[in-house]
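For reference, the structure discussed in these notes is given below.
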């Protein structure tokens, strides 16, 4: 009996739910903190929380994600992409339930950390699983769609949060609402096959019987691609094995090797992209969204939730554009074009706060330009390229370092923004972000390669 294989949507959907649950946490938490601090609507006796306590609730999942990234460094290649995603789904489920039913503040923070570990594992393993199982012609589209799912989750979080924000104990329902998706993600990943490339890496590194792992990889490839692959599954597995041997994947990468030769080049590209993704001010620009809209006279939009939904929809549309064109235009044109727009918008924002505060329309245009250009470039392309550029034997550990840098830089920029604003003023801070964005343009132009249309093995052989 022939195997029809998994439809493309199912192969992509279940790992991408890890991104959607991450985005949902960002959106819902902005509303949950309003709910939990209300004497009448929180439904708890410990609602009178300090700013530090609220900060822990807000950023708890971010610190959990840092822990998840550190864990991924040690367990990713042992577990494999599929089992890591199943573990992530379990942590999402446990974290959401513990947070939703928490009887006190301490238990709530534990729940937020557990959910964050799920985020760290998912952001590490989802792009790897999608990259290693997708045909090279549409790999960019599918991995960029994961970023689309993160933004979709944010919009859903803002929407559900705004509906429940005036409900008694609404924050419990906001966090609990993510549990069905975590269950679906876990069951879906249990149902999907392992990554054939991960199995073949285990085979050539002697971590199992070569023939058995090769046969399992062929079966997994047939399940993923279905009838269309036919008898060529065995040939494709042999080709991947030959290419892996040619580029020297037989030995497990050592810590010293990660900072030499092609491994070092991959680290510079991957870590550089995710670092610039955060230190060009993405968390800080959004922080100013409500006050910019308010100064421009949009009184209805001055409510933070409504502004967030508006910006979330813009992010969704622009990410959709990036998803559609990434495999046609390539990675570099989108990065160069989008980051150029970010440079212009950051200098416009800086000028607004220093010289042009009587022309609020400039700030609104700059804000929308920044959000749109970020979602065309760093947003989806950063995650796409870190899943492509690392050699297979380095991919698990390399991605864990990149994800750790991403969340660490996010936490640092978020933490440092208020003190820097008080010290330098908002205008100078945005100018600083603008200069960093110019440096990121130079980095992209001189360091980042084009990977459009290449197989993962060809990227390793030709671009590193």
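Cβ coordinates are placed from backbone N, Cα and C, and glycine is handled just like the others.
Per TrEMBL, the stretch carrying the note transmembrane segment among 29-47, 143-161, 200-218 is 143-161. Most Cβ pairs within less than 8 Å of the transmembrane segment (85-107), among stretches 52-73, 173-192, 334-355, belong to 173-192. Tertiary proximity for the transmembrane segment (52-73) is limited to same-chain residues at least six positions away from its ends with a CB under 8 Å from its CB atoms, namely 25, 29, 32-33, 36-37, 84, 88, 91, 95, 105, 108-109, 112-121, 123-125, 396-397, 399-401, 403-404, 407-408, 410-411, 414. Sequence-remote contacts of a segment are chain residues at least 6 beyond its ends whose Cβ falls under 8 Å from one of its Cβ atoms, and for the transmembrane segment (398-417) they are 59, 62-63, 65-66, 69-70, 72-73, 76, 120, 123-124, 127-128, 258, 263, 266-267, 270-271, 273-275, 277-279, 281-284, 287, 382, 386-387, 390-391, 429.
Using a Cβ-Cβ cut-off under 8 Å and counting only residues 6 or more beyond its ends in the same chain, the transmembrane segment (143-161) has close neighbours at 12, 15-17, 19-32, 126-127, 130-131, 134, 174, 177, 305, 308-309, 312-313, 315-316, 319-320, 322-323, 326, 375, 379-381, 383-384, 387-388. Within the same chain, residues 11-12, 15-16, 18-19, 21-22, 25, 60-72, 76, 81-82, 84-85, 87-92, 94-96, 98-99, 139, 142-143, 146, 182, 195, 383-384, 386-388, 395-396, 399-400, 403, 406-407, 456 sit at least 6 positions outside the transmembrane segment (113-131) and bring their C-beta atoms closer than 8 Å to a C-beta of that stretch.
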